[in-house]
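Visitor: Attaching a single structure in structure tokens format; questions to follow.
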Amino acid sequence: MRARTLHQPEKTHSPLLRLLGPGLITGAADDDPSGIATYSQAGAAYGFGQLWTIVMCLPLMIAVQEACARIGSATSQGLVKVTSRIYSKKVLFFVVALVVVANVINIGADFAAVGASINLLIPLPIWMLSTLFMLIVLGLEIFIGYHTYAKFLKLLALSLLSYVAVALIVTNYWLEVFKATFIPQLQWSSAYWYVIVAVLGTTISPYMFFWQSAEEVEESNYAQNHNKNQRTIKEIRDGSWFMIITAAVVLHENGVVNIGTAADAAKALEPLVQGFPHAGTVAKVLFAIGVIGMGLLGIPVLAGSVAYAVSDAFNWREGLDYKLKEAKQFYGVIIFATVAGWLITLVGIDPIKSLVFAAVINGLVAVPLIFLIARISQNKEVMGDLVGRGLSRTMLNIAFVVMLLCALMLVGTTIFS
């Protein structure tokens, strides 16, 4: 039996938090540190050249998330539970393995990025800062509860608005921006397609598939959630569009085509505080606040998605509203995924490169998962009246084809270029 786990109607609290709305918090959770690094790298490396991917991703992301929501609503079960009903155990455990591997890598990259961001302000070893952050994340999630503290992190999510402000301040040639947004610029280069797959992977993230279907089970209100999710998705994409523009103008045009450190990434925000005393430090503070906030929001969702997937596979009691003693196996998986991700940081990985790499892994893992979602959502026996039809079915199939083709282009250019 599933508890009320993923989303609850917000209780009365400050007018500011209500004003920020659910879209910002959910959007921020999807734009985790991996997303920030990937969009920034896309802008730094290729200027406006990959802005078109954001417009392309929007309808595809809506199609995939909508299908996941329909699956949850039609079956009252999570994606893994539905898979176990209609496919063999081999398929089931293959799906679970994909989620575990992709999410643990993503968690590790996020921890490394948070440690590197804090290191900009506090000169302690990154591994030590990552360890402290890992303990804070686990403590908050287990003893306070994700939903209790997450709503207050909306204030930290406001730091993402810095990218919007910088883009509006420094960009003078909007005609070129809009042209690049709607006209694809393609290159036969493995580096180019590496970033494309990363953008797709951090935008259409596999862990959100499982989170979405489970959320729908909790809400039991498909129409209301569908409208809310479409607004949220739009907000997410607006933010990523401005991140690419900001990195393109501030970094790419000044010769920074590869973001090697957190300090490089923070430079994108310097125009916003130009003229301030110690502008570089202020930019680093803004960047660090954003990454820390996104880490606090995103890492529990990544670990939680692993826990829901594994718990569904083994029919364990699950839910973030349960106490630790009431769902020991569920929380055990959360602890395992979080600690396993943290252990990756101890091997000395490059924080920024690992974030983009994690996004690439997500882009590759998304291909078979979207195929699975398409098969399930178009199965009349499983879906009943909510079976995929018309535009919804077409866009979901297009999403699979686009993700597959981009993955093949990455492989092809890597081998033959």
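Numbers run from 1 along the shown chain.
For all residues, glycine too, the Cβ spot is worked out from N, Cα and C.
What TrEMBL lists as transmembrane segment is 91-118, 124-143, 155-175, 191-210, 241-263, 283-310, 330-349, 355-374, 395-416.
Walk me through the surroundings of each of these features.
Guide: Among residues of the same chain six or more beyond the transmembrane segment (91-118), those with a C-beta under 8 A of the stretch's C-beta atoms are 32-34, 37, 79-80, 83-84, 124, 126-130, 133-134, 206-207, 210, 261-262, 266, 287-288, 291-292, 294-295, 298-299, 302-303, 305-306, 309-310, 313, 337-338, 340-345, 349-352, 354-355, 357-358, 361-362, 365, 368-369, 372.
Panel annotation: around the transmembrane segment (191-210), residues 30-32, 34-35, 38-39, 41-42, 45-46, 50, 53-54, 57, 60-61, 64-65, 68, 78-80, 98-99, 102-103, 106, 236-237, 240, 301-302, 305-306, 308-309, 356-366, 369-370, 373, 399, 402-403, 406-407, 409-410, 413-414 of the same chain, lying at least six beyond its termini, place a Cβ under 8 Å from a Cβ of the stretch.
Residues of the same chain lying 6 or more positions beyond the ends of the transmembrane segment (283-310) and with a Cβ under 8 Å from any Cβ of it are 5, 25, 28-36, 78-80, 95-96, 99-100, 103-104, 106-107, 110-111, 113-114, 117-118, 120-121, 133, 136-137, 140-141, 146, 149-150, 153, 156-157, 159-160, 162, 207-208, 210-211, 214, 262-263, 265-270, 272-273, 316, 318, 320, 330-331, 333-334, 337-338, 341.
Here the transmembrane segment (330-349) has Cβ contacts under 8 Å with residues 100, 103-112, 115, 126-127, 130-131, 134, 137-138, 141-142, 299-300, 302-304, 306-307, 310-311, 316-319, 322, 324 of the same chain, all six or more residues outside its ends.
Long-range contacts of the transmembrane segment (395-416) within the same chain: residues 56, 59-64, 67, 188-190, 192-194, 196-197, 200, 204, 360, 363-364, 366-367, 370-371, 373-374, 377-378, 388, each at least 6 residues beyond the stretch ends and with a Cβ under 8 Å from a Cβ of the stretch.
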